[in-house]
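What follows is a single structure, written as structure tokens, with notes after it.
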Amino acid sequence: MMDNVSLIKMFFLSGLSETVNYRLTLFSATLLYYCLILLVNISLIVIIILDKNLHEPMYILLCTLCINGLYGTTGSYPKFLWDLLSPVHVISYSGCLVQALVMYSFVCCDMSILAVMAYDRYVAICQPLVYHSVMSKQRLINLVCFSWITPLCVIGTNIFLTSRLKLCSPYIAKLFCVNWIIVKLACYPAETTVNNIVAYMTMVIYVFHGVFIVWSYMYLIKTCVNSKENRAKFMQTCVPHLISLVTFIFTVLFDLMNMRYNSNKLPQILQNFVEVEFLVIAPIMNPLIYGFRLTKIQDRILGVITFQIK
């Protein structure tokens, strides 16, 4: 029977089926927003790289976060823009797996980087005397590598397991490829057991990332409440992290729960909104809230503007 299953070489994405009358408007708004994402993230990366005064762990991690934002949006926005202008929304089998890899690894990298940033703030505020020895250059390099390599390996394993499945349908009711949706297209659900186990293990790993981040900030709040200096430092460098973190986790969890347990009960337009929310909010919020609110970066921008005026 397995020999009779046709090999799927192309997927059809049906997430845009209800937006036919608004495609040009949606294309213009999306293109403008994508250009804004590129502008703010690239600007912040360039500022941090060129200014040696910003070569500190907090700013290096912020630079890494912005690079990850560019990585994630590059895996989704160009294809989405192309689909808005195309009458047929298709993607190759290999392209679909690559897109799923990029989407998932983008989310997991963000969680890893946010966890490292939480650790950095914990050491900076709670153990300031040993901060530079704890967050040494070598340790920072190791943490950044961990933030990138681990998610790529974990998600790569998930995608590899998916690539081994025989699929019976080429139709995906999404705007872009998602690993779990591809797994649900398997001809023989019994063969997806390993996929499910690895997927839940992945979720547990990154839930622990979230727990660590929340614990770090709860400890920071407890430490800072009795110190005016620490309170000021917390408000300046940690509150933006918390705002972005809560928004990011909420949108990702909502999308995961909807995808796994309620995927057919929500209207397609609402599903689309939930699906792209983490790609819309995080890549623009991170540089604006994390970066441009920080005093050193504001001073650097003002210095550039003043130089240009003169």
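In case you wondered, yes, glycine gets a Cβ from its N, Cα and C as well.
What TrEMBL annotates here:
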DOMAIN    40-290  domain 'G-protein coupled receptors family 1 profile'
TRANSMEM  31-50  transmembrane segment
TRANSMEM  57-77  transmembrane segment
TRANSMEM  97-119  transmembrane segment
TRANSMEM  140-161  transmembrane segment
TRANSMEM  197-221  transmembrane segment
TRANSMEM  242-261  transmembrane segment
TRANSMEM  273-292  transmembrane segment
Distal contacts, the transmembrane segment (140-161) - CB-CB under 8 A, six or more residues away: 57, 60-61, 64, 97, 100-101, 104-105, 108-109, 111-113, 115-116, 119, 179, 194-195, 198-199, 202, 205
Residues sitting near the transmembrane segment (197-221): Cβ under 8 Å, six or more positions beyond its termini, same chain? 108, 111-112, 114-115, 118-119, 121-122, 125-126, 154-155, 157-158, 161, 179-180, 183, 234, 238, 241-242, 245, 249, 256
Compute the average pLDDT of the predicted model within the domain 'G-protein coupled receptors family 1 profile' (40-290). 83
